[in-house]
């Protein structure tokens, strides 16, 4: 039945060929790169040549892609078709972004791929390709791939040699996506019969113990990142690795390899079953040309397009018929991954699944870094999970609030009107107000529309609970939850007070370092007789000119456990390398080092300007009076620097307080959210914990209140400093 | 002034050289990543590449899109247009507003200045949703104009504060003298005040330029045409779901940072002294 429908759709699309060529192209958004992008371009060209319908592709950065979709589609300016993995389907569905796949015929695709796209019995989107993990084997080092974990364990000692930096196996062990296969292989379940996540299980403990044992015996590298795994395999220093089809393009041409399914866990007889991800072509619920959009999504998921995606894009098609084509069937990589995907567990597209990542990451890292025993980690994850899972607070009536706002407006206007009239008429008090208005209006209009309105909206969001695109008014419930630290004790990383303390420590340490380093350098550089002064100044300003997300990424690399330059320096100095992100103190220090590097030039420049404005005569007079250098610094330099430095310090402290990029990109809150500051915590609630915008906004309002108190305090400081100046 | 002793000078030079090396070390790593043919990793403190290739730069610079257009050139152009227009719009608005706030008596002035500062304290991440809706109402989605307006207005609070602080330090006598000579307020503003405020103008312009030049989330969200993406969006494309193309990312990062560094170099004379950071006299 649906096959006929599909054909009918295709026919409609074909007849559109006759339509005038002035029609606007269909919009297709994706985040593919390299070969996958090339394949998609070719597939859409095929579609255009068959149907005459033009397709306009837009490739987006992965980091900005989801936010762009959720903003654009509800406003009716999104794409007709977009490609995304299936994990977020439930989210997209709840926000009414995706249309049911009316042109889909189930039998065209592998059953588990279609199942992954089901919500309440309805299929959304057309499955394009399968993503799951398999075992890459360096055939020179491992002629016979292991079929069971016992066979694997028997091989690993001979293949590993810590001294030479060689490992039998490498994979991103700290990432739950990679660990999930072990969990299922050891008989663990992620969800109980009611669909609630459960972590404190035997399978969890056994799988964690297995992996921890691999790491303790140095069979796998610690803190492995994708880049590390890749270079180990390419250098022949990792005999086997676990990764997905995207890795094939990364392998150096001189490495002989093959891909096989993951081994069977000997203890249970169950294969290691990784997650199955399905790259999907979704039709937007708001597409104005739904028929053509369905035809396009269906077209790129099947037939000729599958062949192109397999051969050019190296994707694993979800299309059953693709495997009858000789060039796909005989492609060992693709057919091996197809085999591996047979055992894979389709990743649930539920909201529950989205809540699992953070607790699992916490547990996994706690075990691998030695902070927790494998059998205790499940309880740890369970606790975090329950803290993150907020029940929807009861709806509150907005009426008292509207009443309050009304009363305040009324009171305000009464106050203004009843204020004792000044003896001077308005015109006399503000003689040039007409002129002033002309000067200010353009800026005021812009700021009002694009700064104050979003600001007010942001503030008021904090009174709402957001779930799947719908806002419910809940009054102060969000604030109550945060301030009462509901679900976790005050001394835990997730609590507002703990995070506030970390944030204050962060701001103070940074500002002190920025100012002292900046001032020190300024004192060195102020001497006009110093040679090469300009050169030094330019070199020292460089950190300020580098965008801070680049700074953050490069420092993150420098703090890497095994390949970071900082540990390189330590080893060169005969010191022990440090595992930076496993302890609060070192992770915090890494963040501070990065932010100090980034922030001292600003303070240096301000201090230089201020130093130059101090009259030289003061020092000469002090010299005559026999004052020492230190006395001069204490009694002339510091007091005279104060008026210029204070505003800079205030501004700097506000910036540091909200320095999201450094925390998020360098430590990422490791270990276990300990180094998160308030603003990164707000971001997590907004974007990583099921879009709880209201809760995140409440966090932001609290940040705002803290800063208001701080600025009131500093204003007093400034006032007293200007009194000192007379 | 006493001539400092030779020994002291040598000590200062040594200290500064050491600190410059510490400052440059991370930058050298980016250069190394950009120039190394593979991202082969090894535990080393040596920030110099062993083999050098310009392949990453070539790939970043010569990227073309599906239609065979030279995307990098267009994106560079878009970046220059966006950052340039942001600077122009932001500076024009900020200069006139800051001058009025510094020189005229206006009802609610103090409150307005505080309100400007206060907006800087609210985390920007949550403002995206309302900004998107507002731009749609104004029909400015998917247009460089809309992007420029957003950048310019978000940079305004800092710009106004910095300029007002500087204007406050300029003596009023010069302006009064000009008025005596028959100049209008506007003439005084353009002919007397602006030339005196050059250092502060330079710093404020640099700040606006950097705001627009480095940003990528808003640009990627608001624009729908790859040829009009700004360079940081293109740079962010090298950071994927499963892997980061470090070599190209590093090469791109250097290309993106270079113009800002050049501007810093050109404006460094004004940088010192033009930055009053909120006004010496408050």
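Placed from the backbone N, Cα and C atoms, the Cβ positions cover glycine too.
Under the heading domain 'ABC transmembrane type-1', TrEMBL lists A:500-714.
Annotation source TrEMBL lists signal peptide at A:1-18.
Listed as Cβ neighbours of the transmembrane segment (A:399-417) (distance under 8 Å, sequence separation of 6 or more from its ends, same chain) are residues 463, 475. Marked as transmembrane segment by TrEMBL: A:399-417 (among others).
The transmembrane segment feature in TrEMBL is assigned to A:437-457 (among others).
Residues or ranges marked as transmembrane segment by TrEMBL: A:496-523 (among others). Within the same chain, residues 482-483, 485, 490, 540, 588, 591-592, 595-596, 599-608, 611, 637, 641, 645, 649, 652-653, 656-657, 659, 663, 674-679, 681, 699, 702, 706 sit at least 6 positions outside the transmembrane segment (A:496-523) and bring their C-beta atoms closer than 8 Å to a C-beta of that stretch.
Sequence-distant contacts of the transmembrane segment (A:535-555), counting only residues of its own chain at least 6 positions beyond either end whose CB sits under 8 Å from a CB of the stretch, comprise 521, 525, 590, 593-594, 597-602, 604-605, 608, 659, 661-662, 664-666. Per TrEMBL, transmembrane segment is recorded for A:535-555 (among others).
Sequence-distant neighbours of the transmembrane segment (A:588-611) (same chain, 6+ residues past either end, Cβ-Cβ under 8 Å): 502, 505-506, 509-510, 513-515, 517-519, 521-523, 525-526, 537, 540-544, 546, 548, 551-552, 555, 559, 580-581, 637, 640-641, 644-645, 648-649, 652, 655-656, 659, 662-663, 666-667, 675. Among the features that TrEMBL reports, transmembrane segment is placed at A:588-611 (among others).
The transmembrane segment annotation in TrEMBL covers A:644-666 (among others).
Per TrEMBL, transmembrane segment is recorded for A:693-713 (among others).
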- Using a Cβ-Cβ cut-off of under 8 Å, list the residues of the same chain that are 6+ residues beyond the ends of the transmembrane segment (A:644-666) and lie near it. 503, 506-507, 510-511, 514-515, 519, 548-549, 551-553, 555-556, 559, 590-591, 594-595, 598-599, 602-603, 606-607, 609-610, 613, 675-680, 683, 703, 706-707, 710-711, 714, 717-718, 721
